[in-house]
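Before any comments, here is the structure.
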Amino acid sequence: MVYKTPFVNGIAYTTITTYSKSSFEETLTFYKSLLELNETTVLNDTTVMLANEVTFIIVKLIEDSSKCQNFQVYRKNLIDLRFDRDWRGLAVDSITFTVSSLSIMMQHLMNMNLPFQCSPSITAPTQIYTLDPVGNLIGMTGTKNAISTQLAPPKSPVSSALPSRSSSTRNLNKDLSSHLTTEGDYPSLPPNIDVSDKNKRCIAVMTSGGDAPGMNSNVRAIVRTIIFHNCKPFVVYEGYEGLLHGNIKEVLWEDVRDWNAMGGTLIGTARSPDFKRREGRIQGAHNLINFGIDALIVCGGDGSLTGADIFRSEWPDLIKELLDTNKITEEQYKRHQHLNICGTVGSIDNDMSSTDTTIGAYSALDRICEAVDYVEATAKSHSRAFVIEVMGRNCGWLALMTGISTAADYIFIPETPASSETWREEMCDTVSKHRARNKRTTMVVVAEGAIADDLKPITASDIHETLTKRLGLDTRITTLGHVQRGGSAVAYDRILANLQGVEAVNAVLESTPTSPSPIITVNENKINRKSLVESVRLTKSVAEAIKAKDFKKAMSLRETEFVEHLQNYLAMNRADHYEPKLPSENRLKIAIINIGAPAGGINSAVYSIATYCMSQGHKPYAIYNGWSGLSRHESIRSLKWHDILGWQSRGGSELGTNRDTPSSTDMGMIAYYFQKYQFDGLVLIGGFEAFVSLEQLERARDTFPAFRIPMVLIPATLSNNVPGTEYSLGSDTAMNALMKYCDAVKQSAASTRGRVFVIEVQGGNSGYLATTVSLAVGAQASYVPEEGISLEQLSQDIETIGQSFEKAQGRERFGKIILKTGNASKALGAANLARVIQAESGGKFDAKFAIPGHIQQGGLPSPIDRTKATRYAIRAIGFIEDSQSIICGSRTGDEEFMAYDKKISATASVLGVKGSRITFTSIRKLYDQETDLPNRMPKTIHWEGTRAIADHLVGRKTVGVNGT
Ligand SMILES: Nc1ncnc2c1ncn2[C@@H]1O[C@H](COP(=O)(O)OP(=O)(O)OP(=O)(O)O)[C@@H](O)[C@H]1O
Ligand SMILES: O=P(O)(O)OC[C@H]1O[C@](O)(CO)[C@@H](O)[C@@H]1O
Ligand SMILES: [Mg+2]
């Protein structure tokens, strides 16, 4: 028996072989009636072709009575199995068809009295199975095509579950969706603008100041977006030095290939004293005009952007002088009346006002945390103290975030200078309190630019001397230096840099002669454009306030997130060592539970909740091993400071986790223990099962008063599929793990001429991880469950890859990767997809597959997940404190319980990030209105714009609803 399944172009018919005249006739009747194959072509005496618009079946007769017998037996056996076995595993051969209505098909099979099976259930099938008269297993699916898991909308064989991408270029990447995702639309093909080469706009990009990881991604995105808009991209080498020496070159799409994974800046950078002088800047203006460049995008720190701002404001005078000295022609003068400037903030210091984060800062933090984690091990072995000096000339962001991420004992930062008179006592007091509770290590983090309130520097050696002399600690200094700026950028920086690069070009193209020059910022998770002049002014005023010893003002000028992080660090550092903040009557018993799969940042959240609770005077309780642990073994213990040392930076789940929900274990027992321990609040940390758990507990409040307490979920899952938030803890850690894996695979692919890897990604029904990592590594395509895999798109991707290898003619060394979320197609795993791609490549390249599996869940939490965990944890406790008065009266019986009261039900909420805000949304509302329960997904996907950008930056052509 021969069969072929119509997967991709070129393999478009199925041959059925029959072995007797009667089964030949029966088969023809079966397929004609079942699939409405109304075109019949007799090819010869024994071969007939049946067809409709999309399906071709050739039925052949090869008379062989022995085989006919075998089939009868085989078929009978299968039918006998009926419904108690899944037929799919039993059949030798199978054919799958896409049908427009599964229910009509079911009815039809019943009318014909044919046996069939439904999957996953008869009430809501996505697939139906039956047998044809010669024993072939016939699968029918309602999905877009046989290899997709998405149901096809009626009459549209190829479509997308995501909204179609219009050709608008506006609103591209305004929303970083916590983890840098975008909303809005993007065209998948370059707009068809007919601009002759001469009239094309020339836009240049440069990097300046200290290099920062992610700058290469930024330049790559800028160059490719310029080309995308039919303009000419130029790079200025060596920062402002290159500008004033005319070190400028036009570049091509391929020139920036594979730049995402590269550290430093490949176009060079410099600190240019000459550019600080007007003569230098006039030379720079002259060079730009000579190259015909009328827009400049500068990626650099506060200094570079200050320089850019000065350059822009002086431009009219500079070109006038060039005209007056006959260095440029009248025509050039007229054409270059305006210089469009746009800044993208690239600096590890994170010292630019108006933006929460600068490109490179989280990569530097990653390097620092890795180093401190290493040092911690040796410090513990010797029971030593370490002073870690981190970079940051005028800004303590790196030191502060290191302090939080590694739970350092003490930090020194320039923004809140310590008292020059008392800092030694204060530090020693805290350190000795920690030591008195048997902590074996001491970590003090000092920013390079740390000062005391007399503006004199506090140096690593000052601290070393104090710890040694006053406390007698065996102390070492580790100055991390330029290691912090080195290496490949973390996923966040790559994504930020790519999205900001696209936005910078859009900003330039939309600028008018009167519009103020923008810088591209990120605020919480939203990408914004802000005024360059204003941001430079604010940044300067921080430095001026510090200089004037107005530290309060300096702090007030910092981003609100910075201030919040500092307060959190200080609060947690007081845990168990100082008088709690709240009076005894306001102190609460707060339970913490972890549910679902492990995710980076879970332990950091538990650590932060516990230490913050201690500082407030609350009592934190851990519920170990999820709901089953609680209901079967009363696995509750109050958390003590010493027990949780080191948890802030530990991977996995120290509490233990599983996917059980309260209903699936024992709701009554759980309520009993809640009552026994008199919990006043509950924090759940986890993914979709935690979400479901919260809903069940909220619903059970009616029956069990013990649940009439504030309950809050901190989403933590690499799938990032919890309704009510755009970011879940663990996504960043997983992204980095997967990104590193992809980088390595891509490198391997590049070493073999013409190779593509298909990489299978976790994420359940959510394509978030595949999409974001695809942007971070420059994957040629990503297939996600929200879209499925359409034949047209797959064919298009194969063609695009083939073309790019063909164009390179083996002269360039590069490899390609394709990411596929496991559930994008259940029928087609990575291995099979690679086989199909290889088969259809026409010999232009070969395809392999790789499956990273659970490395995506493991490893140490990234600094982003650690610091976000702390922030969410402390907000969650704030929520529990604030909600006490709303609900707790009904638990004690003092007040009537009104389950349907909105305020009451909102005391069980999901903490989330939405755009630029942290929010709490009632579980009732989320569960009833915003959840796609069967798919375990939120109804609204917030990151589709990111897909379009990822596609556009690799030149992927997408096949939309209209076949465009
Ligand atoms: N006030 C200014 N006027 C003109 N140019 C300036 C000015 N400040 C800085 N620049 C230019 O920008 C370059 C880079 O500035 P700087 O060394 O302060 O680094 P940065 O951009 O702040 O980056 P980072 O702090 O991350 O190293 C300077 O070498 C100089 O060429
Ligand atoms: O690499 P350089 O020029 O020595 O500069 C070091 C400085 O650059 C930065 O890394 C970035 O501004 C600072 O933190 C540090 O003080
Ligand atoms: Mg700077």
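Glycine too: its Cβ is placed from the backbone N, Cα and C atoms.
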Original post:
Given TrEMBL annotates Arg271, Ser272, Gly301, Asp302, Gly303, Ser304 as ATP-binding, which of Gly210, Gly214, Gly246, Gly292 belongs to that site as well?
Top reply: Gly210
Subject >> Residue from Glu421, Glu425, Glu448 that TrEMBL also lists as binding substrate with Ser347, Ile348, Asp349, Arg384, Met391, Gly392, Arg393, Arg476, His482, Val483, Gln484, Arg485 >> reply: Glu448
Subject >> Close in space, distant in sequence - Val483 (substrate binding site), Cβ under 8 Å, 6 or more apart >> reply: Arg367, Ala371
Original post:
Between Asn720 (beta-D-fructose 2,6-bisphosphate binding site) and Met391 (substrate binding site), what is the CA-CA distance rounded to a whole number of Å?
Top reply: 33
Original post:
What does DSSP say about Arg485 (substrate binding site): helix, strand or coil?
Top reply: helix
Subject >> Distance [Cα-Cα, Å, rounded] between Ser347 (substrate binding site) and Lys848 (beta-D-fructose 2,6-bisphosphate binding site) >> reply: 38
Original post:
Got a sec? Which of Asp302, Arg476, Asn720, Arg755, Ile855, Gln857, the binding-site residues, have CB under 6 Å of any ligand 3 atom?
Top reply: Asp302
Subject >> binding-site residues whose CB lies under 6 angstroms from ligand 1, from Asp302, Arg476, Arg755, Gln857 >> reply: Asp302
**OP:** Measure between the Cα atoms of every pair in Ser347, Ile348, Asp349, Arg384, Met391, Gly392, Arg393, Glu448, Arg476, His482, Val483, Gln484, Arg485, the residues the record assigns to substrate, and report the largest value in Å, rounded to a whole number.
**Re:** 33
**OP:** Just name the winner among Asn720, Gln857 (the binding-site residues) by count of other CB atoms within 10 A of its CB.
**Re:** Asn720
Original post:
So what's the mean pLDDT when you look at the domain 'Phosphofructokinase' (589-879)?
Top reply: 94
